[in-house]
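Student: Just passing along the structure, written as structure tokens.
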Amino acid sequence: MKVKIGHWFGLDILVHVSFFIPLAIIGIFSLFLKENEEILYAPILLGVSFFFVFLHELGHVFTARRFGVLTNDITFYIFGCAAHMRMKIIPSHPRQETLIAMAGPAVNFFIVTIAIILSVMIQTLIEQTFLRFFLVSLAMIVKINIMIGLFNLIPLFPMDGGRILRGLLMEKMDGLKATYYTIRISKFLAVCMGIIGFVLGQYILLFIAYIMFFEGQKIWEFTSFYESLKGTAQNILDQVELISEIHWTSPSGPRIRLIAETIVDASSHIGLFPVLLRDGTYGVASTERLLLEQKRQPHLPVEHITARVSVVDADMSLQQVFDVLNESINPVVIVTKNGEYAGIITPESMAK
């Protein structure tokens, strides 16, 4: 579950429910350890760390934009942030993926450089009695950013180090083979990290290793499936969910009240229904949202609950459709045949 907290730099900023777990733990401990200063400083340290992780992700986002790769959002999770980019499963230009992956750690090391320069300047310009607060703060900034930068360079896929490794391997071999070797190395390092975490009693490392191991396996299965679609002669209409469309019938569009009864039965199995907008483009709306607004605002035009989606032609290959799905904001596409609506494709229907 994610909650939107803002929209900055053209991005939705989301918070996953797991983000609140460390905050809750700190809050509970602070109730019983009120005299322990480390517990009292923990929220500040956590907030500062997440701020620099956020800057790290912005490094990825702005570098990706230079290559025409768009980002849907940045989401805060329990262990950091993730920018969800509309990139191909296997990049066509591996050097671009390498540079995008390197941009995050580069931001952290740039901050480290600036902080060190400021530390040297402060020591030469200000009397010793005024130095402690500034120097301690800058030392904390240096330490946090070195940890973020170096940790992300560990070749665990899909972390930055793993993507850099795959990009370098793709200079010498095809994308599927490069992904395979990257995942093998990533899983080996995850096992090593888990063992170290267990032996040292650093269970957070054990947890991260567990996530990285199975995330790597999931990505490999996903990538293998994607590559298996290459050259397939299967008709994409076999993947289509056949749902009746809703056409615009007036300048203001059909009202929610007028279509609620007719659309629910037809779309309940996937919870979506298609809408043909007045400008000739397509969108989809949620059946759940439709029923909710039917009670609140039955006279609201359907356009207000409709999200625009990409359109693919029935003659496209399955792999091309998969690329469109992966790079779209909404993981749904409309299929047309000879310019006419033919149905909807979702990731679930592709997996059949």
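Every residue, even glycine, has its Cβ placed from backbone N, Cα and C.
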Student: Need one residue: from Asp12, Asp73, Asp160, the one TrEMBL lists with His56, His60 for Zn(2+).
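Tutor: Matched candidate out of Asp12, Asp73, Asp160, per TrEMBL for Zn(2+) with His56, His60: Asp160.
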Student: Would you count the other CB atoms within 10 A of the CB of His60 (Zn(2+) binding site), including those on all shown protein chains?
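Tutor: For His60 (Zn(2+) binding site), the count of other Cβ atoms within 10 Å is 27.
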Student: Which range out of 67-87, 133-154, 188-213 gives the transmembrane segment (99-121) the most CB pairs under 8 Å?
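Tutor: The stretch with the most close Cβ contacts to the transmembrane segment (99-121) is 133-154.
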Student: Reported as an integer number of Å, what is the Cα distance between Asp160 (Zn(2+) binding site) and Glu57 (active site)?
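Tutor: For Asp160 (Zn(2+) binding site) versus Glu57 (active site), the Cα atoms are 10 Å apart.
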Student: Which residue among the recorded positions Glu57, Asp160 has the fewest other Cβ atoms within 10 Å of its Cβ, if you could check?
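Tutor: Glu57, out of the recorded positions Glu57, Asp160, has the fewest neighbouring Cβ atoms within 10 Å.
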Student: Sort out the sequence-distant neighbours of His56 (Zn(2+) binding site) for me: same chain, 6+ apart, CB within less than 8 Å of its CB, listed by position.
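Tutor: In sequence order, the residues whose Cβ lies under 8 Å from that of His56 (Zn(2+) binding site) (at least 6 apart) are Cys81, Gly104, Pro105, Val107, Asn108, Ile148, Gly149, Asn152.
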Student: What other residues of the same chain, not counting His56, His60, Asp160, have a CB atom within 8 A of the CB centroid of the Zn(2+) site?
Tutor: Glu57, Gly59, Ala83, Ala101, Ala103, Gly104, Pro105, Val107, Asn152
